[in-house]
Amino acid sequence: MTTHIDVLTSREVPLGGPRAMRVRRTLPQRHRSLIGAWCFVDHYGPDEVEQTGGMVVAPHPHTGLQTASWLFEGEIEHRDSAGNHAVVRPGELNLMTAGRGISHSEVSTSDTSVLHGAQLWIALPEDSRDTGPGFEHFVPAPVRGPGWEARVFLGSLLGASSPVATHTPLLGVELMLATGRTLEIEVDESFEHGVLLDVGVIDVDGTELKPSDLAFAPVGRGTLTITAHEESRLLVLGGPPFGEAIVMWWNFIGRTHEEIVGFREEWQSQLRTAEHDGRRVDGRFGVVDIDLDSIPAPEMPHVRLKLRH
């Protein structure tokens, strides 16, 4: 069994338009769609809000997934169609479950001058993907050792555990390392692991990472050895191979091309009805209580969507 470390580099994507804040996306990629159930990794900032306007993401839909918001700097106000209203702050997990359908908005707060964090998605397995929408907020206590500090927001690592229930086994940890520190971490051999570098310079089992790089370690490793060549901050993600094929397009996860087409049409139908009647209309995706126009779905591609494994 190979245990080679692969490095996935990021690509820049504008968030909401060419002049908007830009994010660095490392997952999904052509040759790697999932790490466990983690199916989407965006890394952004430090972003000067005065220059870009920060994050203003109007209501948009999701199906078949969970979103995990994790900030290093700044604040984001979250509202969703299940009636949840929360502020995302550094070191705090906001986990939104879309299940069969939800819509939500994300807007950086007026007090935020610098925005910096990661937006992560988790694919829901077949037996959970039609669950009702939900939301959970958790503030992990830091655990510390010589030259390191960790916050375990999902799963268990370094003697700490998160109480947040997940639909598949998962790991999500923020780890800070002092310059020159080497930390050998015991991990679950049945998990795939990803290491996203936020700031600093590290190597993972001898493979060097630059900021926004995502290291991938396949199953079969009982340890990950991380060395910081300068003060560094990173996220460690993991989970057993997902084991199901998914279709992922725009903000939807389904199992077939036709299912995604149906989700898109339901969202567009809600928007058309709202425009025609002059009022917001409920449906699969509900209504977000915010004075922003909902984002219409893009046109479907002219080819069938492919399964991702």
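Placement of Cβ uses the backbone N, Cα and C atoms for every residue, glycine included.
Over in TrEMBL, the protein carries these features:
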- 21-122: domain 'Pirin N-terminal' (DOMAIN)
- His60, His62, His104, Glu106: Fe cation binding site (BINDING)
- 173-269: domain 'Pirin C-terminal' (DOMAIN)
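Feature map: TrEMBL annotations on the structure.
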residue	record	Cβ neighbours (10 Å)
His60	Fe cation binding site	20
His62	Fe cation binding site	24
His104	Fe cation binding site	26
Glu106	Fe cation binding site	22
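Other than His60, His62, His104, Glu106, the residues of this chain whose Cβ falls within 8 Å of the Cβ centroid of the Fe cation site are, in sequence order, Val57, Pro59, Pro61, Thr67, Asp80, Met96, Ile102, Ser103, Ser105, Asn251. In the three-state DSSP scheme, His104 (Fe cation binding site) falls into the strand class. Mean predicted confidence for the domain 'Pirin C-terminal' (173-269): the pLDDT average there is 98. Note on the domain 'Pirin C-terminal' (173-269): DSSP counts are 13 helix, 49 strand, 35 coil.
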